[in-house]
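Participant: One structure, pasted below without further comment.
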Amino acid sequence: MRAASVQRPASRLFRTSAALSAGQGTHIHRDSAGNSESTPWEWTPESLKKIDMYLARYPDTPQGKMSAIMPLLWVAQQQTDEAHATIKAKPSYDGAFAFDSPQGSGGWVPLAAMHAIADLLGCPRMAVYEVATFFTMYNRNQQGKFHIQLCATTPCMVCGAYDILASIEKHLGIKCGETTADGTFTLTEVECLGACVNAPMVQINDYFFEDLTPQSVVKLLDDLKAGNPVKIGPQNARVHSLGPLGRTSLKSPPKGPYCRDLSQIPAN
Amino acid sequence: MLAALQARAAATARPGRVSLQLLHKGARGVRSSDARASSAVQPAQPSQPAAVSAVVQLDEAGFAVLPKELPSMRGVDFKQELDPRYAETIEVIIDGHPVQVQKGSSLIQACEQVGIQVPRFCYHERLSVAGNCRMCLVEIEKAPKPVAACAMPAAPGMKVFTNSPIVKKAREGVMEFLLANHPLDCPICDQGGECDLQDQSLFFGSDRGRTTESRRGVEDKNLGPLVKTVMTRCIHCTRCVRFATEVAGVDELGTVGRGNAMEIGTYVERMLDSEISGNIVDLCPVGALTSKPYAFTARPWELRSVESIDVLDGYGSNIRVDTRGGEVMRILPRLNEDINEEWISDKTRFAYDGLKRQRLDTPLIRPDPEMPLQPATWKDALTLVAQKFKATPGARIGAFAGPLADVESMLALKDLCNAFDSEAIHCDVPAGPLADCRAAYTLGSTIAGVEEADAVLLLSTDLKREAPLLNARLRRRVYHDGVRVASVGPRVPLTYEYEHLGDSVSQLLELANGTHPFCKVLAGAQRPLVLVGTGAYERTDARGVAWAVQKLVTSVPALIQDGWLGFGTVQPTAAAVGALDLGLTPLASSAAAGVGASDGAIAEPLGLVYLLGYDSIDLDRLSPDAFVVYQGHHGDVGAETADVVLPGSAYTEKVGTYANMEGRAQRTARAVSPPGEARDDWKILRAISELAGKPLPYAGVDGIRERLAAVAPQLADGTESIHAVSPDIAKAMLAVRASDKFDFDTKTPFASCIDNFYMTDAISRASTTMASCTKAFAK
Ligand code: SF4
Ligand code: FES
Ligand code: FES
């Protein structure tokens, strides 16, 4: 028991954020059936094409090549995304579009892929591990078919992210960091995904679903599971990220003085 | 580190051990930070060191009122000696005193040059600057916030404050954050008493913590049988990671995760496979990495330290032997820039438990060839040996000195045998045909000189195992200056890139004839270097190999020039150079050598075989009627075959001279006394001579040193300097006739002289730690 006479002028929070502890698990690799050093890994021809493209962007020195660790990890995640084709994404307004190929968020990087990257770039394996564990964007374990990344950073939190979270948890019967028994959904709490204007939001594989309510998110998950078409972007009537009054500013070209003469810049 | 500080504080309290304990009590009191802290705020004892302030004043909130100014780091005396090598200096103003510091130093180095210790955790002069612990914050005039002294270059006119209130506050803040996640387990932590965090929290720690959260937990990592990890204690200074990647050349260690979840580790379970991994134990400023064999065996303040040198390989590392109650508790490195810098190999550091096992502690006599050895008195054993000396004709007496023999005992052995007309005194060195030329059997370039080489050829050596620290120096050279290294010999990982030219004699011959492309590289270099492993001479065609090496060496003019001897042998044992200096006969091939099969020098089968710590005996070739005397400290192979065993002392128990691979004579020190009835080795030999009626002409240690000075002055002057061979002499001695013809064995590949780094001699073979290393790491 703390003696009453001791004043504590401030107490500080050092809690590990949920994204790191619950969402990503430990930063140590544990061999599992589908993920060990001996698991085979082959790059697909498309991946190899992408790899060539990325490698061309960096200097051909040992140091320079190491810069390609990040894009290559992402290529691996694109390659392992098997759910993409099953998501029937409907753009919610004109000008929005659905991706025709996996972008990466729906996949994961097996240990063997990390090793393949290290071999390819001629760098220590540890260098790849360090990058892969640093960013929450890289999934180092097999995720459920649909990986729900729920943003709970301040703007989303203020707009009710935890209600969304509770609703998902109740509906799926899992907690942050867990995968449903049938392997369909994985739930992760993450930090700001940059759609704060349309908060609260979740990202599921490559798509953002914004302006959620505890009810609409349940319907969304059911639709995904059933393979029904789902609307991407704002789940309400919002267009882009316009406020309720529609477009209120920047309606005409900005008045001068300009820092450079825009008329001199060719169109496109 | 703050050791100076601590020493000062200790000096103001009580002398010696007592004050040290007090200091640490102080440290604990000052920063105990859980709920019980209220009761921990007791008035300090009057004897508490001055630096912690005699009586703790409490403010209204119950916090200790700490002095606004930091205790001055030392009695400020700014008259410093400048290193003449860096003539250029700049003036900076440190704590109001204008001082000259070397140009290009960081602030932390500048402060050090004028004697001010800036507290630090991550900075280490031999590693790259990481700047991540922030403990070294200092104030610079006009800088908006405190800056990290380790990462800030000193600029002319800079006004630096190392003990202002801002600095104090900043460091206290850093300390509080470090302690927020550091467990309060000092009482069960092996680093306790020599922990940088403990020492510095004494000055910058608060008397309680303000966190209400539980500390984070981090899983311990399995780094192998040598390094114990308690990763919750880690403060993420990354010294271990930087050492592993920069010095040791293993990439297995790194930082995974980020932010509060960051961990030091290997990600996948990996042991740290390096011959010098033990150094991360010394580097770790906290108790996260500690020595597994030493765990929970002693506290630093119970230990008595003796400065000595290591003899388990030919490198001659300077060590500190820590003992308690007549027992070696641990071995640590001692700084010697010319040899080991501040590192030692794992065998040097961890083989000490071999000193306590399988020891010979009483004389033994085998009454009958069929019977086991029986304990005997010194008198009986020595008299028996003396009789044998008297009764055996000189031509049938043979002596063999092992890899751990000191120069004094080898000299006494030689003198004894000579007195009985025997010339067959051998040593366990396959230097073969080059045994007469000091330039050839030592490392002519010197150890530190390896870092001046600009093209290196390795022959028949696995440098990483034969001389791990020499390899680390070469690695630095390769990494920083891109020096080209090529090797004819085993294809092994050396932690840097090298050209593997092959492993057969044909490549050597190509090199010797100047037809190999690498000859151009050697010829174009200013300071080329050829390093030969003794494996090259452990072959049936050793003479031919030596001839080819000599031909190669004399064909490249830059290899032997004024001030540079770019040719040398990597001697794997501590006895080698001393033995050859004394003129002992090397065995043609230690692996194949049975007694009596050396160099053709012995015609008759031996009647009396004297083994001075020599264990590589080939029983089949020993004549059945030979009388075998074994003098040594371990019951290894040699002792099992002996008819008489005379217990000698190990290197931690005697003062003995050893010459390392570069020919530098250094002395061990007596840290503990030999077990049981064991005696100093050379004295045993002296006693035999007395009983045999031909007493050696020296009785005391001064006497034998005088004799040594007469025989091999380079070993006796006690200066620990190297007596370089003049280039002209070296050239003359190495010259060969190009027309000579030899039979070469092109089938047998060049191999390293050792196959298991962890077990190379009687001490490391007796060590359980080395046995577990062998299990974990040996191929
Ligand atoms: S384990 Fe020790 S040396 Fe390594 S980062 Fe942690 S505190 Fe530093
Ligand atoms: S806070 Fe949720 S997207 Fe920015
Ligand atoms: S010593 Fe300067 S930041 Fe660590």
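Quick reminder: no glycine exception, Cβ is built from N, Cα and C everywhere.
Feature table excerpt (TrEMBL):
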type: REGION; residues: A:21-42; note: region 'Disordered'
type: BINDING; residues: A:CYS151, A:CYS156, A:CYS192, A:CYS196; note: [2Fe-2S] cluster binding site
type: REGION; residues: A:235-268; note: region 'Disordered'
Participant: Could you pull out which residues elsewhere in the chain have a CB under 8 Å from any CB of the region 'Disordered' (A:235-268), counting only those six or more residues past its ends?
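Facilitator: For the region 'Disordered' (A:235-268), the list is 92-93, 195, 197-198, 209-213, 216, 220.
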Participant: Using Cβ atoms only, which residues of the same chain lie under 8 Å from A:CYS192 ([2Fe-2S] cluster binding site) while being at least 6 residues apart in sequence?
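Facilitator: Result: A:CYS151, A:THR153, A:THR154, A:PRO155, A:CYS156.
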Participant: Could you name the residues, excluding A:CYS151, A:CYS156, A:CYS192, A:CYS196, of the same chain that surround the [2Fe-2S] cluster site, i.e. Cβ within 8 Å of the Cβ centre of those residues, in sequence order?
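Facilitator: Other same-chain residues near the [2Fe-2S] cluster site: A:ALA152, A:THR153, A:THR154, A:PRO155, A:MET157, A:ALA161, A:GLU191, A:LEU193, A:GLY194, A:ALA195, A:ALA199, A:PRO200, A:MET201.
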Participant: Tell me which residues of the chain lie with their Cβ under 8 angstroms from that of A:CYS196 ([2Fe-2S] cluster binding site), as long as they are six or more apart in sequence?
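Facilitator: Correct list: A:THR153, A:PRO155, A:CYS156.
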Participant: State the count of C-beta atoms found within 10 angstroms of the C-beta of A:CYS156 ([2Fe-2S] cluster binding site), not counting that atom itself.
Facilitator: 27
Participant: Of the residues in the region 'Disordered' (A:235-268), how many are helix, strand and coil by DSSP?
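Facilitator: Here the numbers are 3 helix, 2 strand, 29 coil.
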Participant: DSSP secondary structure for A:CYS151 ([2Fe-2S] cluster binding site), reduced to helix/strand/coil, please.
Facilitator: strand
Participant: When you measure from the Cβ of A:CYS151 ([2Fe-2S] cluster binding site), how many other Cβ atoms are you left with inside 10 Å?
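Facilitator: For A:CYS151 ([2Fe-2S] cluster binding site), the count of other Cβ atoms within 10 Å is 28.
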